[in-house]
Amino acid sequence: MRQEKVKIVAHKHIAPHFFKLTLQSKHIAENALPGQFVNVRVSTETSPLLRRPISIHKINRQNQTIELLYEIIGKGTTILSQKKEGETINILGPLGKGFSVRSDKTSAILVGGGMGIAPLFALAEVLIKNPIDVNVLIGAKSKRLIICESDLTTLGIKVKTSTEDGSCGTKGLVSDILQNLIKALTDKQSASIFACGPKAMLKAVSEIAIKENIPCQLSLEAYMACGIGACKGCAVSTISGYKMACKDGPVFDSKEIIWN
């Protein structure tokens, strides 16, 4: 973990309210793992004071860059969206615990709900370098909120989508697609599930994984003020007590989480 000023290499408006930010950082590019995040200081002013946690979307060790995918949801991300190529911003990272890939698994199902697809892209890039069959499921409320589909298919990854209003892919919840995909598996013991998204989706994915006895890692979405476990603002209830999403996570084994 290191605090540093980094150069904005590229900043693209990829869809309504969605931006992709490319940063030059030798340290983070060399040390980051899929599932980790950075804390971004969006302004040099006192408001907003707190950093914004943003998951690492892509890691390019050769070019020594990382990509962050984010959505404008408030003052902080609005300010961030106005940053220009060539400017510098202050970031802290890499932070948190990322995903771990088991060598004995030959099938991986990645489930992303809305912006939850962001950290799963970096994981997908790692998985396809191994003899692993990768399926990505993306769920959202409507078609305009489906992102990264074309980027994933370009990598040769099988992608299925679902929307609650039926405007893209299957109408319904992404957990329904997951259930159907698992039913079609010839060897469930060789599979792993990785998911990131809203709490309700993660709970549904967790219940399916536990029922089917498939290992499952969840990246929890939580507001992380400090990013290092000091402020206790991102506490998660687990079977071994409260843990901090920013320090002990954001990736947890699905069997650890207490949902109620």
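Just so it is clear, glycine is given a Cβ too, placed from its N, Cα and C backbone atoms.
Per TrEMBL, these features apply:
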BINDING   Arg52, Pro53, Ile54, Ser55, Gly76, Thr77  FAD binding site
BINDING   Cys226, Cys231, Cys234, Cys246  [2Fe-2S] cluster binding site
DOMAIN    1-101  domain 'FAD-binding FR-type'
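Positions of TrEMBL features highlighted on the structure.
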residue : record                        : contacts (Cβ under 8 Å, 6+ apart)
Arg52   : FAD binding site              : Asn39, Val40, Val42, Tyr70, Gly76, Thr77, Leu80
Pro53   : FAD binding site              : Phe37, Val38, Asn39, Val40, Leu95, Tyr223, Met224, Gly227, Cys246
Ile54   : FAD binding site              : Phe37, Val38, Asn39, Val40, Leu68, Leu69, Tyr70
Ser55   : FAD binding site              : Gly35, Gln36, Phe37, Leu68, Leu69, Ala118, Pro119, Cys196, Ser219, Pro250
Cys226  : [2Fe-2S] cluster binding site : Asn39, Gly233, Cys246
Cys231  : [2Fe-2S] cluster binding site : Ala225
Cys234  : [2Fe-2S] cluster binding site : Ala222, Tyr223, Met224, Ala225, Met244, Ala245, Cys246
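When other Cβ atoms within 10 Å of the Cβ of Gly76 (FAD binding site) are tallied across all protein chains shown, the result is 20. Cβ neighbour density within 10 Å is lowest for Thr77 among the binding-site residues Thr77, Cys246. Other than the site residues Arg52, Pro53, Ile54, Ser55, Gly76, Thr77, same-chain residues with C-beta atoms no more than 8 angstroms from the centre of those residues' C-beta atoms, the FAD site, are Asn39, Val40, Val42, Arg51, Leu68, Tyr70, Leu80. Each residue in the domain 'FAD-binding FR-type' (1-101) has a pLDDT score, and their mean in this model is 95. Counting residues of the domain 'FAD-binding FR-type' (1-101) by DSSP class, helix then strand then coil, yields 13 helix, 51 strand, 37 coil.
Taking the mean position of the Cβ atoms of Cys226, Cys231, Cys234, Cys246 as the [2Fe-2S] cluster site, the remaining residues of that chain whose Cβ falls within 8 Å of it are Met224, Ala225, Gly227, Ile228, Gly229, Ala230, Lys232, Gly233, Met244, Ala245, Lys247.
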